[in-house]
Amino acid sequence: MHKVIVFIFLTLYSLKSYGNDVIDKPHVLVSIAPYKFLVEQIAEETCFVYAIVTNHYDPHTYELPPQQIKELRQGDLWFRIGEAFEKTCERNLTCQQVDLSQNVSLIQGKPCCNQHTTNYDTHTWLSPKNLKVQVETIVTTLSKKYPQHATLYQSNGEKLLLALDQLNEEILTITSKAKQRHILVSHGAFGYFCRDYNFSQHTIEKSSHVEPSPKDVARVFRDIEQYKISSVILLEYSGRRSSAMLADRFHMHTVNLDPYAENVLVNLKTIATTFSSL
């Protein structure tokens, strides 16, 4: 009995300590999980990093519940990327906001989804080149906000930049072996990756997040025939059902990818390997 009481006491104490530790740290908000990974690589334990949308939801259609808005008000700093749900955050948050699309070479024009209030492709993290710019923005912002940790941030930022350079070289090697340069995807998430590594992206789902129309189906069929595409990439949480049905209709192989996976460095290599094996 004594051992049980001691165990319960130690468990409660550790939970209390963890809670106080989180409360004592500055809260840094990021819009999606890949940036949680990046900020944590740079800031280590100096900040508590909170992803507004986890990779269990589609950020394009996400709606913040009232309880989450209350939690977000603890934020001391917010790195945003241009998603539609950020408008709700903007109206309810007073913390410093930093747009990570700044200084990035953006793909302009009609966005991938009509939920967006931007006129550019917001999937900027799916490119090592873009990530290098964003890492520099994160390091500069954190160093100014929390100057007592600036040396740590700058050191970790340099390591991350080197890792991104190495990743870019690895992806170039992997993708150089690709035989198919035309990629069919359920949702247009890979514009920056395709631009950087010489692929062409063809999408099933257009900007409306609704079932493909007969016109869309005809367009997809033309792309399949013209470019001899034999596989379709299905994305987690976006357009899976309708795209899977089309893949079955056209007797195509399906591959699953998650553009919002938290470890973006590993994910980019996974994307490269997947594209090159189609």
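Cβ coordinates are placed from backbone N, Cα and C, and glycine is handled just like the others.
Quick look at what Swiss-Prot annotates:
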- 1-19: signal peptide (SIGNAL)
- HIS60, HIS123, HIS187, ASP258: divalent metal cation binding site (BINDING)
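The Cβ of HIS60 has fewer other Cβ atoms within 10 Å than any other of the binding-site residues HIS60, HIS123. Most Cβ neighbours within 10 Å, among the binding-site residues HIS187, ASP258: HIS187 holds that distinction in the structure as shown.
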